[in-house]
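First up is the structure itself, then whatever we jot down about it.
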């Protein structure tokens, strides 16, 4: 049957991905005492790499229910393989908004024997918001939340400030081995790969991958605007420039904008350069980055995409309302004819292009992020009373370095301090090697 074929296909890809995810495999090998005998509600893109995370959590003792945090990001063969192994997963590619909400709500009541969640593993904060707003009783036995992405972390800090956050949370996004690898290298690689299918780079990889698969355009000699120059924006800009594009940056933070200038990028405001660009990429996490005045200034067949978590950066509602017609070119590629006679090409309906039009980040960088997630879940679940008070916390530097160490063993060899060097620098031989406030 089709379901069996999908599950078998997914299982083969999961086994292949495990070779590139040494951090998660090390967790399985080194934690056979099963430190996570717990019910975890997970909401994160249901991809092959996420399947390896889910099965790691299960091997560590957890009962898991899962949904995807984006209506387009599920890889159906990955979901089928996980479902075939007996794990409750509620996700498929191309969900409606109503189906998406049904999925994340249904997973909360799908634990065996009527049990409720003890932990939340979130990406974007949707499950956290749902439980806080609609199912507050579930928080009584919830020991904590780990959050994957910038957008969700921002929401947690806002909830904490307003007195609405009721359980401690760990900010996985700002672990160095997440933000400086997944956000930076993963995004840019996917973007490029989706532009040229034989390039396998990492966030630098996934952006290009998405654009290429969707449009088949040549990037070289094009003008590209990247809105936002955080870690994700940096990766996108580097990927586009590496493909031969002339890249313009828009940014609100003067320090980050100065960084972009020093990297050789033109820094401008969107209104002044919207008529010059062939490709637009939003990577800000903010709303209304591209809207009416920008659409009307754009070239014919300008390509617009978003790599921020939510679909608020591009004013898609205005496009739908004001366009003369919409032509669907292929899945997640739509061409809007405006009243001025020019067309706009929108990818993935303004949602994550690297997962809507491609397969997301590579297994290696996702292993880094997901190993942080596993360690965060263990830290919260096994914490002594008062170790993680109500608030938003970080994993300690020692664990961040351990995540890096597990993955470096696959890629290279690490130099060790001698006892004399350790004494001279006043740094333990096994780390941590940097202070908590060190900026990599």
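Each residue, glycine too, has its Cβ placed from N, Cα and C.
The substrate binding site annotation in Swiss-Prot covers 47, 123, 148, 178, 182. Residues or ranges marked as NAD(+) binding site by Swiss-Prot on the basis of similarity to another entry: 149-151, 183, 228-233, 251, 307-309, 354.
Features recorded in Swiss-Prot, as mapped to the structure shown.
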| residue | record | DSSP class |
| --- | --- | --- |
| 47 | substrate binding site | coil |
| 123 | substrate binding site | coil |
| 148 | substrate binding site | coil |
| 178 | substrate binding site | helix |
| 228 | NAD(+) binding site | coil |
| 251 | NAD(+) binding site | coil |
| 308 | NAD(+) binding site | coil |
Using a 10 Å cut-off on Cβ-Cβ distances across all protein chains shown, tell me which of the binding-site residues (47, 151) has the largest neighbour count.
47
Cα of residue 148 (substrate binding site) to Cα of residue 354 (NAD(+) binding site): how many Å, rounded?
16
Of the binding-site residues 47, 123, 178, which sits closest to residue 151 (NAD(+) binding site) by Cα distance?
123
Compare the C-alpha of residue 47 (substrate binding site) with the C-alpha of each of the binding-site residues 232, 251, 308, 354, and give the closest one.
354
Other C-beta atoms that fall within 10 angstroms of the C-beta of residue 228 (NAD(+) binding site):
26
Rounded to a whole number, how many Å is the Cα of residue 354 (NAD(+) binding site) away from the Cα of residue 178 (substrate binding site)?
17
Which entry in the list of binding-site residues, 123, 148, 251, has its Cβ near the fewest other Cβ atoms, using 10 Å as the limit?
251
Roughly how many Å lie between the Cα atoms of residue 251 (NAD(+) binding site) and residue 178 (substrate binding site), rounded to a whole value?
22
Just to be sure I understand the packing, how many Cβ atoms besides its own are within 10 Å of the Cβ of residue 230 (NAD(+) binding site)?
19
Residue 149 (NAD(+) binding site) and residue 123 (substrate binding site), Cα-Cα, nearest whole angstrom:
6
Most crowded position, judged by CB atoms within 10 A, among 149, 178, 308, 354 as binding-site residues:
354
Sorry to bug you, but what's the C-alpha spacing from residue 149 (NAD(+) binding site) to residue 178 (substrate binding site), rounded to the closest Å?
9
